[in-house]
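Enquirer: Got these off Swiss-Prot a minute ago, pasting:
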{"type": "COMPBIAS", "residues": "71-80", "note": "compositional bias 'Basic and acidic residues'"}
{"type": "CARBOHYD", "residues": "N20", "note": "N-linked glycosylation site"}
{"type": "REGION", "residues": "59-88", "note": "region 'Disordered'"}
{"type": "SITE", "residues": "W41", "note": "site 'Seems to be involved in pH gating'"}
{"type": "TOPO_DOM", "residues": "44-97", "note": "topological domain 'Intravirion'"}
{"type": "TRANSMEM", "residues": "23-43", "note": "transmembrane segment"}
Amino acid sequence: MSLLTEVETPIRNEWGCRCNDSSDPLVVAASIIGILHLILWILDRLFFKCIYRLFKHGLKRGPSTEGVPESMREEYREEQQNAVDADDGHFVSIELE
């Protein structure tokens, strides 16, 4: 029998749960890991667009702008922002007439 499973047994015409090893450190650790995994999965599904956009565009460091005129820096920022905005439109809407 696995330490991580609960066994249902008939007790006096009722269904009960017999969990003898619930204080075992391995069971406690597995429960904590399972709960953390569930929380992270839910957060990932709720905020996946923000998270992956941050990883895709936010963590990339652009080239150094040392010695570059401000007008060229602004032009580069606009190009980068347009690239990010273009990525938002990956859904295609089709209108039927």
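Numbers here mean position along the shown chain, with the first residue as 1.
Note: Cβ is positioned from N, Cα and C throughout, glycine not excepted.
How buried are these features, and what lies next to them?
Expert: DSSP assigns W41 (site 'Seems to be involved in pH gating') to a helix.
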Enquirer: Would you list the DSSP helix, strand and coil counts for the residues of the compositional bias 'Basic and acidic residues' (71-80)?
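Expert: Tallying H, G and I as helix, E and B as strand, the rest coil: 10 helix, 0 strand, 0 coil.
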